[in-house]
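Novice: Here you go, one structure.
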Amino acid sequence: MSKQITYYFIRHGKTEWNEQGLMQGWGDSPLIQVGIDGAKAVGDVLKDVDFNACFTSTSGRTQQTADYILANHSDVPRYAKPDLREMYFGIWDGMSSTAAKEYEEFHTMRDTPAKYRAQVSGGETYQQMLDRTMRVLKRIEETDVEGNVLIVSHGMVLRQLMYVLGGGDWREHRDKSENILNTSISIVDYKDDTYTVREVNKIDHLEGLGLD
């Protein structure tokens, strides 16, 4: 019988750096109250889902988000993976987005992924980010993990990944996909080496929490 997995991809809750408009790649900051509320809302809407495993990045904000989501599921095995971290921004990490916009290459990163020269910032390319993210999925699929799997990761990672798993070319994802919002839910089915994107950026559960 072929392996079947349903991935629940969650972007971490809103953080201090998100609130302050700072570039947050491999740097980290804690969730603010609205981010905590969002994570709790995810946990509430997914309370009846039996997760067989949870994977987060090694960044505290994803692990903190998973804590709230799985508050009533302490028996779920959890794994922190460096390859699920946000895009590495190099010298822009921790910088205000306003200051980063002074760099011409910053606009290339935002608008034209295929032309982005990551060496300018000392960061990583979109291809490198995609390769490491897909490496995590492939390793999960090579294990005995099946059924429902929770993955808590980051905005740029998930925006690119959802577009690619849906059959798109990563070079076009900035033009043809939307920002993944904090504590949004995206659902992808995996079977017979094929991915079927069921939901992207679902936020019904966040109504009334003041998230934007």
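From the backbone N, Cα and C atoms, a Cβ is placed for every residue, glycine too.
TrEMBL labels come from automatic prediction, so no person has curated them.
Given the structure is predicted, the values throughout are model-derived calculations rather than measurements.
Per TrEMBL, the features are:
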type     : residues                                                      : note
ACT_SITE : His12                                                         : active site, tele-phosphohistidine intermediate
ACT_SITE : Glu86                                                         : active site, proton donor/acceptor
BINDING  : Arg11, His12, Gly13, Lys14, Thr15, Glu16, Trp17, Asn18, Arg61 : substrate binding site
Novice: What's the CA to CA span in angstrom from Arg61 (substrate binding site) over to the residue listed as 'active site, tele-phosphohistidine intermediate'?
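Specialist: Each residue's Cα considered, Arg61 (substrate binding site) and the residue listed as 'active site, tele-phosphohistidine intermediate' end up 6 Å apart.
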Novice: Given the binding-site residues Arg11, Gly13, Thr15, state which is nearest to Glu86 (active site, proton donor/acceptor) when distance is taken between Cα atoms.
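Specialist: That would be Arg11, nearest by Cα distance.
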Novice: If you skip the near sequence neighbours and keep only those at least six away, which residues in the chain come within under 8 angstroms of Arg11 (substrate binding site), Cβ to Cβ?
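Specialist: In sequence order, Val152, Ser153, His154, Gly155, Leu158, Ile180, Leu181, Asn182, Thr183, Ser184 meet the Cβ cut-off.
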Novice: Taking the centroid of the Cβ atoms of Arg11, His12, Gly13, Lys14, Thr15, Glu16, Trp17, Asn18, Arg61 (substrate site), which other same-chain residues have Cβ within 8 Å of it?
Specialist: Glu19, Gln24, Ser29, Leu31, Ile32, Gly35, Asn182
Novice: Which residues, sitting 6 or more apart from Gly13 (substrate binding site) on the same chain, put a CB under 8 Å from its CB?
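Specialist: Same-chain residues close to Gly13 (substrate binding site) (Cβ under 8 Å, separated by 6 or more) are Leu31, Ile32, Val34, Gly35, Ile36, Asp37, Gly38, Ala39, Arg61, Gln64, Thr65, Tyr68, Asn182, Thr183.
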Novice: Tell me the Cβ contacts of His12 (active site, tele-phosphohistidine intermediate) under 8 Å, same chain only and six or more apart in sequence, or just say none.
Specialist: Leu31, Gly35, Ala39, Ser59, Arg61, Thr62, Gln64, Thr65, Val152, Ser153, His154, Asn182, Thr183
Novice: Quick one: what's DSSP say for Arg61 (substrate binding site), helix, strand or coil?
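Specialist: SS state of Arg61 (substrate binding site) = helix.
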Novice: Across the record's substrate-binding residues Arg11, His12, Gly13, Lys14, Thr15, Glu16, Trp17, Asn18, Arg61, the largest CA-CA distance in angstrom?
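Specialist: Roughly 15 Å, rounded to the nearest whole number.
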Novice: Across all chains shown, how many C-beta atoms besides its own are within 10 angstroms of the C-beta of Thr15 (substrate binding site)?
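Specialist: Neighbour count, Cβ to Cβ under the 10 Å cut-off: 23.
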Novice: Where does Gly13 (substrate binding site) sit by DSSP, helix, strand or coil?
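Specialist: For Gly13 (substrate binding site) - judged by DSSP and reduced to three states - the answer is coil.
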Novice: Secondary structure at Glu86 (active site, proton donor/acceptor) (DSSP, helix/strand/coil)?
Specialist: coil
Novice: If I restrict to non-local contacts, at least six residues apart, and a C-beta distance under 8 angstroms, what lies near Trp17 (substrate binding site) in its own chain?
Specialist: Met23, Gln24, Gly27, Asp28, Ser29, Gly94
